[in-house]
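Some notes on the structure that comes next.
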Amino acid sequence: MSSTKLISLIVSITFFLTLQCSMAQTVVKASYWFPASEFPVTDIDSSLFTHLFCAFADLNSQTNQVTVSSANQPKFSTFTQTVQRRNPSVKTLLSIGGGIADKTAYASMASNPTSRKSFIDSSIRVARSYGFHGLDLDWEYPSSATEMTNFGTLLREWRSAVVAEASSSGKPRLLLAAAVFYSNNYYSVLYPVSAVASSLDWVNLMAYDFYGPGWSRVTGPPAALFDPSNAGPSGDAGTRSWIQAGLPAKKAVLGFPYYGYAWRLTNANSHSYYAPTTGAAISPDGSIGYGQIRKFIVDNGATTVYNSTVVGDYCYAGTNWIGYDDNQSIVTKVRYAKQRGLLGYFSWHVGADDNSGLSRAASQAWDATTATTRTIQKV
């Protein structure tokens with residue numbers, strides 16, 4: 001090989017490696033927004049975030065293509081431009097699916113090479129046409145070993161497609177993320193961690209909805225970071241399970257809620273965690289946004305309690321009891337994430353915050369926390 005060709009090759013390789021390194025995420029401070037929250041995009045303080053998710057695009061079960069409903073098109077098409085007014089460097093991702101999406105449609109799509117290609121190609125087209133910097137898949141949840149295998153195949157093909165599209169278009173590669181169960185073990189069905197780690201830029205660990213009146217007859221911490229008994233769900237247990245299964249810590253993003261759940265106590269004098277209840281309070285399913293919780297506390301003179309053992313808050317007034325995360329819980333979780341070497345944190349959802357109070361506390365806590373060597377080791 002001539003010296004000229006050798007130099008050219010070295011330059012090309014160096015450029016490629018530099019490009020790949022430059023695309024590696026250094027931190028994720030994120031939140032989701034969705035139109036039904038009725039929270040104006042213009043009110044998002046994007047200076048508090050590195051990434052914002054716009055939710056949700058849909059999957060057409062007949063064509064297996066990603067679509068945006070006509071009702072959402074105006075807000076989705078201007079989302080990136082709007083949030084970048086306050087923070088030109090914030091990255092946006094189009095989130096596909098969601099908790100109420102038909103999971104059987106995703107299982108069917110992922111089971112066939114042709115339908116996977118339809119999903120992948122259309123997702124890239126939609127992301128580019130709407131000006132998003134990436135894509136996020138919220139399939140809740142692959143529920144069998146076969147579905148998990150197909151999920152892994154989908155992710156690998158998705159990654160190959162966005163790399164190829166970036167090469168052909170000359171544009172920066174689209175980011176790829178996924179919202180996943182808090183643990184890598186979904187009721188004895190294991191996520192394909194190798195495919196997840198090699199294909200996605202990061203995963204959002206949904207470490208919340210552990211307790212709620214729809215599935216728990218007693219009060220409990222909806223998003224406990226720790227469970228002293230080591231028998232129940234917690235953010236720490238879920239994070240450890242993912243990392244011990246092989247997910248790099250720097251691809252894990254810890255999630256927490258900007259909402260809580262309200263129960264009606266059976267006995268107003270029994271108001272701690274795991275107190276008996278008669279069902280949901282305040283709203284039909286008991287869900288209540290953080291801003292509404294703050295108002296409830298003031299309007300009712302509610303007693304507030306922070307539990308440092310589980311890292312969670314609750315308040316009560318009469319027979320109304322609410323479990324949630326306040327500033328201290330959020331800050332503690334953010335510190336946990338950084339000290340253990342995680343990539344960052346995300347919240348659901350930005351519209352439920354109270355004047356950006358939780359988002360501001362989270363961002364400041366991350367910046368003020370020093371990463372330590374207390375990383376979670378793979379076994």
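We count from 1, first residue shown onward.
Placement of Cβ uses the backbone N, Cα and C atoms for every residue, glycine included.
Note that the coordinates shown come from a computational prediction; the quantities given were computed from them, not determined experimentally.
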Annotated companion of GLY99, TYR259 at the chitin site, Swiss-Prot, chosen from TRP348, TRP366: TRP348
Alpha-carbon spacing, GLY99 (chitin binding site) to GLU140 (active site, proton donor), which is rounded to whole Å: 6
Additional residues around chitin, ordered along the sequence, whose Cβ is within 8 Å of the centroid of GLY99, TYR259, TRP348: TYR32, TYR208, ASP209, PRO257, SER287, HIS349
Around the Cβ of TRP348 (chitin binding site), the count of other Cβ atoms that are within 10 Å: 24
Chain-internal residues near GLU140 (active site, proton donor), provided their CB is under 8 angstroms and they sit 6+ positions away: GLY97, GLY98, GLY99, ALA101, LYS103, ALA179, PHE181
Among the chitin-binding set GLY99, TYR259, TRP348, as the record gives it, the longest Cα-Cα distance in Å: 15
